[in-house]
C-alpha cells in the first residue's frame with residue numbers, strides 16, 4: 001500500500017486530452033502579455049524618454065520601477081474581485097485598465113502625466129499578474145498542470161519580446177513621437193484580450209465555491225480525459241470547499257457561506273491565525289517570489305540597453321539589436337521549460353536554474369568590472385563575456401525560476417485562500433521588483449555596475465539554499481493533495497465539511513435552470 005502511494009506521488013498521471021484546457025489557459029495567459037510588454041518596451045523607451053523630457057537618472061529609475069508598486073493595488077483588488085465576480089471577468093478588468101493606462105502613457109505631454117499613466121497601467125498589470133496563473137491552475141488537470149501553468153510566464157516573455165521589437169521598430173521615428181508610439185501600442189493586446197475572454201469558461205473551482213455544481217461539472221467534463229476523472233476532480237474540489245459528499249445538485253448552499261464574513265475568514269486563515277501548514281505554504285510562496293526578483297532579473301531585462309552600453313556597445317541600433325537577442329533567448333527557453341516541468345519536476349529545474357544563474361551573474365559582474373576599468377578602450381573579450389553571461393543568465397532564469405514561481409505558487413495554496421495567497425505572493429514579487437528597479441542606477445553608482453551583479457549572485461546563492469530546504473516537489477499532485485506535502489491532515493477538510501453540514505442544516509436549493 002505504501003509503495004503504491006509513493007508511486008502515485010512520484011509518477012504523474014497519464015495525460016489525457018488537454019486541448020480544451022490548453023485553449024482556456026492560452027486565453028487567460030494573454031493577461032500576462034501586458035506585464036511583459038511593459039517590461040520590454042521600457043528598457044528601450046527609457047533612453048528616449050530621458051532625452052525628450054530631460055529627466056534625471058533618479059526620475060528615470062522611479063518611472064521604470066514605480067509600476068511594480070502600483071501593481072500592488074491591482075493584485076489585492078484582483079484577489080477580492082476574482083472571489084466575488086469570478087476569475088473570467090477579472091481578466092476583463094485587467095485588460096480594460098491596462099488599455100486605458102497605455103493610452104495615457106502614449107499621449108503623455110509631461111513627466112507627471114506619464115506617471116499617472118504608469119499608475120493606471122500598474123493596476124492593470126497587478127490584476128493580470130494575479131489572475132492568469134490562478135485561473136490556469138484551476139482549469140488544468142493534474143497531469144498537465146505544470147505544462148499549462150507555465151503559459152502565463154510564456155506570455156510574459158512573449159510580451160517582453162514584443163516590447164523589444166517595438167523599441168527596434170519605432171526607434172527611427174522622431175524623438176518626441178517614437179517612445180509615445182512604443183507605449184501606446186500596448187493597448188492593442190489588452191483590447192484583444194478583453195474581447196477573447198468571453199470565449200473562456202469560468203473556473204470550476206470558483207463555481208464550486210459558489211455552489212454551482214452543475215456548471216462546475218460541465219467545465220470539468222470538458223477539461224478531463226474521462227467522465228470518471230471529471231467526477232473524481234469534482235469530489236476533490238467539493239471536499240476542499242467544505243461541501244459534504246452527500247450534498248449534490250445543480251446549485252447548493254456552501255457550508256458557512258450564509259454566515260457572512262467570508263473575506264475576514266480568508267484573511268484569518270491565511271494571515272492572522274494560520275495553521276503551521278498554511279504558514280509554511282505562505283512562507284514558501286513569499287520566499288519564492290522574493291528571490292525571483294531579488295536575484296536581479298529585472299535589472300538584467302529592464303536595464304539591458306544600459307548594461308550593454310556599460311560593456312562597451314555604444315551604437316543605439318546595436319544596443320536595441322542585442323536587447324532583442326535577450327528577448328528571443330527568454331522566449332525560447334521558457335518554451336523549453338513548458339515541456340520539462342511535468343517530466344523533470346519543479347524542484348530539479350529550480351535548483352539547476354538557480355545554480356546556473358549564480359555562475360552567470362559572477363561572470364557578468366567580472367566582465368562589467370573589467371570594462372569599467374577601461375572606459376576609454378573597448379575590451380573585446382569583456383564585451384563578449386558580458387553578452388554571453390547575460391544570455392546565459394536569461395536562459396537559466398527562463399528554464400526554471402522564471403516559470404516555476406507562478407506555477408508553484410498557484411498550486412500550493414488551499415482552495416479557500418488561493419486567490420488571496422497568490423495575491424500576497426505577487427505583492428512580495430512586485431515590491432521586490434520595485435526596490436530592485438528603482439535602486440539599480442543608484443546602486444551601480446555606489447558599488448559599480450559590476451559590483452551590483454556580484455551582490456545579486458550572493459542573493460541567488462541564498463535563494464538556492466532556501467529552495468533546497470523549503471520547497472517539496474509538487475509534480476503529479478492534484479491541487480487538493482498539495483496540503484499533505486506541507487503537513488495538512490488528509491481527512492481534516494472532509495470531516496469539517498460533514499460537521500458544518502450537521503450544524504448548519506444545509507439544504508439543497510432548487511435548480512436554476
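Yeah, the Cβs are placed from backbone N, Cα and C, and that goes for glycine too.
Under the heading transmembrane segment, TrEMBL lists 20-40 (among others).
The predicted model assigns the domain 'Major facilitator superfamily (MFS) profile' (24-475) a mean pLDDT of 85. The feature domain 'Major facilitator superfamily (MFS) profile' is assigned by TrEMBL to 24-475.
If you look up TrEMBL, you'll see 60-79 (among others) marked as transmembrane segment. Using a Cβ-Cβ cut-off under 8 Å and counting only residues 6 or more beyond its ends in the same chain, the transmembrane segment (60-79) has close neighbours at 35, 38, 42, 46, 49-50, 90, 93-94, 97, 111, 114-115, 118-119, 121-131, 302, 419-420, 422-423, 426-427, 430-431, 433-442.
Nonlocal intrachain contacts for the transmembrane segment (91-109), taken as residues 6+ away from its ends with a CB within less than 8 angstroms of a stretch CB, comprise 28, 31, 34, 74, 78, 81, 116-125, 127-128, 131-132, 135, 180-181, 183-187, 190-191, 193-194, 197, 200. The feature transmembrane segment is assigned by TrEMBL to 91-109 (among others).
Remote same-chain residues near the transmembrane segment (147-165) are listed as 18, 21-22, 25-26, 28-44, 129, 132-133, 136-137, 139-140, 182, 189, 301, 320, 323-324, 326-328, 330-331, 334-335, 337-339, 341-342, 398, 402-403, 405-407, 410-411 (criterion: CB distance under 8 Å, separation of at least six residues from the stretch ends). Annotated transmembrane segment per TrEMBL: 147-165 (among others), in sequence order.
Residues annotated as transmembrane segment in TrEMBL: 177-200 (among others).
Residues 40, 43-44, 146-147, 150-151, 153-154, 157-158, 160-161, 163-165, 167-168, 171, 300-301, 304-305, 308-309, 313, 349, 387, 390-391, 394-395, 397-400, 402-404, 407, 475 of the same chain lie 6 or more positions beyond the ends of the transmembrane segment (319-341) yet place their CB under 8 Å from a CB of it. Here TrEMBL flags 319-341 (among others) as transmembrane segment.
The transmembrane segment feature in TrEMBL is assigned to 348-368 (among others).
Under the heading transmembrane segment, TrEMBL lists 380-408 (among others). Long-range contacts of the transmembrane segment (380-408) within the same chain, counting only residues at least 6 positions beyond its ends with a Cβ under 8 Å from a Cβ of the stretch, are 133, 137, 145-146, 149-150, 152-154, 157, 284-285, 288-289, 291-292, 295, 297, 300-301, 304, 307-308, 311-313, 322, 325-326, 329-334, 336-338, 340-341, 346, 349-357, 359-361, 363-364, 366-368, 370-371, 374, 429, 463, 471, 474.
Taken from TrEMBL, the feature transmembrane segment covers 420-441 (among others).
Annotation source TrEMBL lists transmembrane segment at 453-472 (among others).
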### Top Cβ-contact partner of the transmembrane segment (453-472) among 20-40, 177-200, 348-368 (pairs under 8 Å)
348-368
### Task
Give residue numbers and ranges for long-range contacts of the transmembrane segment (348-368): same chain, 6 or more residues beyond its ends, CB-CB under 8 A.
295-296, 307, 310-311, 337, 340-341, 382-383, 385-386, 388-390, 392-393, 395-397, 399-402, 404, 408, 448-454, 456-457, 460-461, 463-464, 467-468, 471
